[in-house]
Structure formats: C-alpha cells, structure tokens
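A.B. asks: Attaching a single structure in structure tokens format; questions to follow.
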Amino acid sequence: MTKFIFVTGGVVSSIGKGIVAASLGRLLKSRGYSVSILKLDPYINVDPGTMSPYQHGEVFVTADGAETDLDLGHYERFTDTPMSRLNSVTTGSIYQAVINKERRGDYNGGTVQVIPHITAEIRDRIHRVAQDTHPDVVITEIGGTVGDIESLPFLEAIRQFRKDVGRRDLAYIHVTLVPWIPSAGEMKTKPTQHSVKELRSIGIQPDILVCRCDRPLQAGMKEKMSEFCNVSPEAVITSQDASSIYEVPLMLEREGLAEQVLDILQLEQRQPDLTQWQRWVHQLQNPSRRVEVVIVGKYVRLNDAYLSVSESLRHAAASADADLQLRWVDAEDLENGDPATYLDGVDGIVVPGGFGARGVDGKVAAIQFARDHQIPFLGLCLGMQAAVIDWARNVAGLDGANSAEFDPETPHPVIALLPEQQDVVDLGGTMRLGLCPCKIQSGSLAQRLYGEDIIYERHRHRYEFNNAYRSLFLESGYCVSGTSPDSHLVEIVERPDHPFFIACQFHPEFVSRPNHPHPLFQGLIKAALGSDLTLVDPAPLPAETV
C-alpha cells in the first residue's frame, strides 16, 4: 500500500520546500523505495505555461508534455524519476475540473462548494498519482506559506486525507525558518512556534519540523521546539544553508530525516546507498580547473528562468572536474553595444529559449560572435532559430531574413510556424510539447555526442526551420544533423568547420541529471576546456517513456 507524505512551509515563502521534498525522495530511493513527488500550486492559472518568466521562473516540461513548476525539475534531477502531468496541480486546474463536472451535471444539481467538492478533487488528484504510478511513497509539496488564503483549500484537503488512508500511512512535514537575530546574538524559535500554531488551528499536527537556518541550531533549541510544537526532539531536523542544493540530501541524511519518516510510516528501516550521490557532490566540491560559460538570454534578471540550463551546465562541468563560472548577459545589451564588451574571454556561449522579438537580435549577435571567434556554442530552442537567422543574414546574404514569429512580412522567413499550429488560437498547452523522437545523422557531431541513431528529447515550441531554405543551408557549409524520423522537421543543426557549434530545437536541459549529464552540455564543456571531442564517450541518458 502506498504511503503519503505532505510537505508544508511556514514563516516565509521560498523556504526550500521543493528541495526538502526532492531530497527526501532521494533518501527514500537510496533505500530501495519507489517515489513520486507531487506539487500543489495555489495560483489560479491552469498551468504556468503562459506565465511571465519574471514572475514564475522556468516552465519545466515533462515527457508527456505538461508545462509545470520548476520544482518538478528538482524532483526529477534528485530522484532520477520522470514526472508527468499528474505530478503538477494548480488551483486553476482544480476549479476547471470541478466546473466542467458541474456543467456536465455530475453533481446532480447540488450546490458546488469549496468543501466538499474542491477539496475532494484535490484529494482525488493525490490518489490518482498513487493509483497510476504505484509508488511506495507519494510526497506532496503544498505551494505557498501556511497562513496564505490561497493555500487553505489544499491544507484542508490534506487534513481530510488522513481520514482517507489512516494515520499510519501518512506523515506531515513542516519546513520553517529559525532566524538569527544579530542584535540579540541568538536564534529565535518564535516564528516556528507561531507557524505550527497556525497549522494546528487548521487541524494539522506536523510530525516532523525541518528548520531552515544559516548556522547550526543552538543548544537546547530542538528540545524547546519539541515541547512547544508537540513533536519529538529527534523529529526536529536542522537544514542549514549549503553552498549547493546537492549537499542537502546528505545533510538531511545525517540529521536522520529518512529514519524518522520510515518510523512514522511504519516502513522497514533499510541501509541507504548514497555512494553515487556522495561521489557526485565530491566532484562538485573539488574541481581541478575552471571554465567560464556565458548564458545570453532574455530573462536573465531572474536566473530561475533558466534554472535547468544552469543546472545542466553544472552537471557537465562537475563531470569534467571543472568549477563552473556562469556569466549572465541580457540579450538586449548586445543589440546596443559591442558584443566583445560582454563576451570577450569566455570559454563557451549558450543561447537558450524564449518567446517574442525582444532581444532576438542580441542573441543573433552573440551567435555571430561565437562563430567568428571560434568560441564553443550551444543553442537551445530559440537559440537554434537565432543560429539559423544568423546564418541567413550573415552567411547566406539573405537581407531581412527573420522568423515569421518576429516579422510576419519578412522576405525570407527562415523560421516558420508549424503546419499544425496554423489554426491554433489558445496559447496555453497548445505548442508542440513533450518527448519526441529525433533521427541522428551518421558521422555528425551530434552522433559522436549521443552515440545513438535515434534519440528522444522534450520540446516546447510553435516554430521550426523552414524547409524551403534547407538546400541553401546545406550548400553553405552547415549540417542538419538531427531530424524527425520522417526527415521533415529539422531538430539539430551544426557547423562542421567550427570547434563546437551545435544548436537544437528541443530542450535538452530537461533531461540532464547529476549522474547523467546531457551529452550536448558535456560536449560544450569539453570543447570549452579545450578537450579533444574525438575522445568524447557518449553519455547515456535516463530512459523515458510517455
């Protein structure tokens, strides 16, 4: 029978509930338990697909094409387990489902209310994860902060959930802040006490407290919080600030979090195998060299907008024993100044995805700089489209070449709308989304990096390379090294006369893992370090299914 864990947060937002949930998933998996992690987000958007990156950060795409919260990326990277649309629930999607049922007459004319109908739908979504994926443990992170009005239906639903499964099959974990007050010279537990009091007023008694702090808890504090918050002293867990999020599972293991959870859920205590994770963290913390990579993006004011990109670079750099130095450059700055001012001296350039015309000419300028100065370059999604625009304007001499997305009147639409997108009106959930196969050309750089003839990657786009320009593209020295299996859609392009120049229409950052760095990011880092790419060992990717 599946067990259930609920992770709530108190005192402040962005306290790290997602990392705690992902870390616990890793600790349970290291003991041989299968895990699925679910995120309940209290915003009314149906999904984050149409939200501004400045407000929400990255939209993480699952293998089955769901546009989800960036925390699902943490869940996948920490547990090596693919998530799906079942693992992402928002207030908007809950209300949409309930209203659709009401319109169909499913409630037989009854008055539809938050309790019981909304809370029942929330509980059903949690049960569905257990029923469809059959994990040993389902971990559910509740977004927001205890006390927020938006989170109340979710908190009420998880209170009711105890009645569904029984007390022995459920655990509540509350992540809270224990701040250091410089003027007093001590840490304060009062915010935690009040947060737990608020949670208990809703009817939820936490079993475990995970205390975020910037230093070790002072003597007697665990006992004090134990007494005031009605948890055992062993269940008061310290989660001290770490230099890397990948240290957190090891820290929580030392604190005994997994053992406490297994005791509460009456599951067998097993010996963890964290050897691989410890080796990865050791690599991360003990580099022998340095590599500097610049990310030229549209949303760099919020680095979380490119979270999976930066983490993928970190995975690849650590696997090469290198300390990654990231330089963030706003693409718009390159439109107004000399690219050399921003890009001189870097070892590699990444141009990631985005939407809309703003900053695109800056991305094109960065790619031209990489091409002219033989700097290793990797383009992702819009980054590939910008590479094609650079080719058209600056190599093929097609004046005014552009994407039809940015200039519908361009004389040379080298990037065009996918045929199936022609009549699409709605924005949310209507792009080419999720895992798609890609055929790799033999003898290409892509084939050397992947070591496969067919690969599967995740997509999120409406526009593609315009095949009317493919012959001219090939004649000018470029290579189409990856296509859809029917050869119609261009998925990867590269420039053979460059040390490392490759761009893809998909999002490889969504499948990179600490123990499985993505081949394209590994190749970029190796090239940036001056390594011989003929010696690249193809990196296996985790198997995925839809």
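Any Cβ shown, glycine's included, is placed from N, Cα and C.
Note that the structure is a prediction, hence the values are computed from the model and not measured.
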A.B. asks: Of Ser13, Ser14, Ser23, which one shares the CTP site with Asp148, Ile149, Glu150, Lys188, Thr189, Lys190, Pro191, Thr192, Gln193, Lys224 in Swiss-Prot?
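C.D. replies: Answer per Swiss-Prot: Ser13.
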A.B. asks: Pick the one from Asp64, Asp69, Asp71 that Swiss-Prot also lists for the ATP site with Ser14, Ile15, Gly16, Lys17, Gly18, Ile19.
C.D. replies: Asp71
A.B. asks: Of the candidates Glu335, Glu405, Glu475, which one does Swiss-Prot list alongside Tyr54, Gly354, Leu382, Gly383, Met384, Gln385, Arg462 as binding L-glutamine?
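C.D. replies: As annotated by Swiss-Prot, Tyr54, Gly354, Leu382, Gly383, Met384, Gln385, Arg462 share the L-glutamine site with Glu405, chosen from Glu335, Glu405, Glu475.
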A.B. asks: Between Gly18 (ATP binding site) and Cys381 (active site, nucleophile), what is the CA-CA distance rounded to a whole number of Å?
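C.D. replies: Gly18 (ATP binding site) to Cys381 (active site, nucleophile), Cα-Cα distance: 27 Å.
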A.B. asks: Could you say which of the recorded positions Asp71, Glu509 has its Cβ with the most other Cβ atoms inside 10 Å?
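C.D. replies: Answer returned by the neighbour count: Glu509.
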A.B. asks: Over all shown protein chains, what is the count of other CB atoms within 10 A of the CB belonging to Gly18 (ATP binding site)?
C.D. replies: 25
A.B. asks: Have a look at the recorded positions (Ile15, Ile19, Cys381) and report the one with the fewest Cβ neighbours inside 10 Å.
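C.D. replies: Minimum Cβ neighbour count within 10 Å, taken over the recorded positions Ile15, Ile19, Cys381, occurs at Ile15.
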A.B. asks: In whole Å, how far is Glu509 (active site) from Asp71 (ATP binding site) when you measure between their Cα atoms?
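C.D. replies: Approximately 14 Å lies between the Cα of Asp71 (ATP binding site) and that of Glu509 (active site).
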A.B. asks: If you measure from the Cα of Gly16 (ATP binding site), which of the active-site residues Cys381, His507, Glu509 is the nearest?
C.D. replies: Glu509
A.B. asks: About how far apart, in whole Å, are the alpha carbons (Cα) of Glu509 (active site) and Lys17 (ATP binding site)?
C.D. replies: 22
A.B. asks: Could you tell me which of these recorded positions, Lys17, His507, has the fewest other Cβ atoms within 10 Å of its Cβ?
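C.D. replies: Counting other Cβ atoms within 10 Å of each of the recorded positions Lys17, His507, the minimum falls on His507.
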